[in-house]
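Residues or ranges marked as compositional bias 'Basic and acidic residues' in TrEMBL: 18-28. What TrEMBL records for 52-678 is domain 'Major facilitator superfamily (MFS) profile'. The feature domain 'Kazal-like' is assigned by TrEMBL to 475-528. Among the features that TrEMBL reports, region 'Disordered' is placed at 1-28. Among the features that TrEMBL reports, transmembrane segment is placed at 54-73, 93-110, 122-145, 196-223, 243-264, 284-307, 360-383, 395-421, 433-453, 561-583, 595-616, 649-671.
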Amino acid sequence: MNGSTQPDIAGPSGDVSTPRHDATSTREPTKDELCCGFICCHPRCLQRFASLKVFILVVCLLLCFSAAALAVFEGLVTTIETRYQLSASEIGLSASMFTAGTAVSTVIVTHFGGRPTSRRPVWIGLGGLCLAVGAALHALPQFVFPPYQLPSSVLLESSSDNSSEVRGGLCSANSGTGDDASCDSEEQQILRDNNIAYIIIVVGQILLGVGYGPLVPLTLAYVDDNAARGTTGLASGILESMFGLGAIVGFQIASAVVSLWVDFYRVDAATWSGLTPRDHDWVGAWWLGMIIEAIVFFVLALPLFGFPRRLPRSHKEKDEDPPKAEAIGLGEDGNGHVNTSALKDLKDWPGSIWRLLKNVIFLLACLSFITEGALIYSLAAFFPKYMQVQFGLDVFMANLIAGFAFVPPWAVGALIGGIIVKKFSPGIQGSAAIGVVSAVLACTFAVALMFVGCDNPRIAGVTVGYQGHDLGPTTSLESACNTDCSCPSETAFSPHCGPDGVTYFSSCHAGCAKMTENKTYTDCSCLMPDPATASSDVTVSPPPATLTFGHCPYACTNKGAFIALMVLWAITLSSATSPRIIVIVSSVPPSDKSFALGISRVLMLLIGSLPFPFLYGAYIDSACFVWQTLCGQRGSCVIYDIEQFRRTIYGLTTALIAVQCLAFAAIWLIARVRASRSGNYTQEHKVAETKAVGKDSAQTAPSDG
């Protein structure tokens, strides 16, 4: 989802990829190097696919679905949290592991896969298989561990037999909580299973990152080897567009699979009867999206193993092209000789790195790049969750909005920035000025987003007191009206709505002793009568207060304004993408341009994308009112302080954008000072020359006469 330019594989010299044809080699390419096929089989029918267009099509689909896999995971964050009792910081850590895998594989695989004798499509195919394994690992816990168990108070809602389930959700002084008794066996096993499942998911995220990392660099190198000059830039743009398209596809896949119950294929439908995808307790078939992704990755990876090291048509057409210097690390040329150009580049690396570290403008541009990476990866990871928590949306609607309110505007902003740069051709100072304006506008919208949202819903014992009493200094689900009910602990969150518009943690916490056939509750000791039905005539008794399943509806009309501000925020912030690249390439020597772009991306991954999803998750956890617990261990958050949630997310976002604004402002100031000094020097030099010429003329004037 990142709209920034992904650097080609290059060393400090700025040269990209391998020579199209080794001018020093006298041997003819072998059949294996020029023909489509697998191992020693090269049937004639496959040779029609030995085309650069076919290769780019396959890789584009692979990139599209790799972005979709991330979007599927991000779109189902709340579902995964509920299923395996994970906190937001744990989800953020797993997202960071994707970045770690990407950074490691980009360095290692592009070194070996970038050698002139390597068969790059095979390395890309291995990346596709790694993506398939990573996606399959995400779904593995679903088939290894027992089916998901609903909390007892939720089972009451979906059970037609109240004999054994009633005690879990109704007020009963003799029932006991039962939590401590079961914690020694079944619940402890569930806790262990959840911990193992989380480890498997993290490993899956790492493998997704490992598979994704080398796709774009090796693809661009292969295209550059086999296409006409100037085609690589077009291919880069096409590949980058796949990230936005893939994110939209992934969010829609997430919306589709969540409509199915998580264990629809192995448990009786009566298990979840009475629940719908709009209910808080619904857990959708999140794993199905990853199964789809794994199958697609596997199918797309296989053809890549059949592409030759060099395409035959390009080989015939490009024999006369002058070879370009190899710049992908140590390797061998077509004759098996050591690549001395690569050795030279390797020796130049320390000097190039030192030049970049001394370049203040480059470092400031990297700082702005780091903040952008932190924002993109962090907000993308939690944006659907934010929509669900803040506006009470179901997973389907949250993903639908995320797919069209975040990704397309970001692409539009990047396009606008590119058009501005192309039209006005700004230098460092002009590009920095565009970055400042972009950051100021984005910061303004981020501040506005801190105040556009919903108020906390009225939840007894959490945001309001029981029976109209004042809420104490801390959250407490117990009150005098339910003390004797022996309610289950916070492991059984099942919201119920009272006639007074207050949501209760469960029917037991509302003090309800009976349930009717139509699934409403009566004899609820904690409920206040509905003011609308209360009569001033003391001789007329008001109807008994009843409780119904689900959250109480609450009015929040700010969703449209939030989406509009979010779209404007994404457009303005992403419009600085192209100006930032102009600053980087204009502030370094020509020989360091590609290397500078690569270093800036590595810094963005390691300092921005790696730690900040976890940091965002930790800040989100700090806004939790009530945690779901299992055997005394904290699981997922069941009730958030949505006002603090909003301030936390966009407060941190505002701070990061402010840092970006300061970085661009510092670049503008430094560039202006340097330009001023250069102008003064030039002017003084011209004045001195004029005086010297005048003096010489005065001295020679008498003799001329």
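Using the three backbone atoms N, Cα and C, a Cβ is placed for every residue, glycine included.
Nobody curates TrEMBL annotations by hand; they come from automatic prediction.
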Handout entry: Overall pLDDT for the domain 'Kazal-like' (475-528), taken as the rounded mean
Key = 80
Fill in the blank from the handout: Best-packed against the transmembrane segment (649-671), counting Cβ pairs under 8 Å over 93-110, 196-223, 284-307, 595-616, is stretch 595-616
Completion exercise
Long-range CB partners for the transmembrane segment (395-421) (under 8 A, at least six residues beyond its ends), listed in sequence order, are 1, 3, 71, 74-76, 78-79, 241, 244, 247-248, 250-252, 254-255, 258-259, 277, 284, 376, 379-380, 383-385, 387-388, 431, 434, 438, 563, 566-568, 570-579, 582
Completion exercise
When counting C-beta pairs under 8 angstroms to the transmembrane segment (93-110), the leading stretch of 54-73, 196-223, 243-264, 284-307, 433-453 is 196-223
Completion exercise
The DSSP breakdown of the domain 'Kazal-like' (475-528) into helix, strand and coil residues is 3 helix, 12 strand, 39 coil
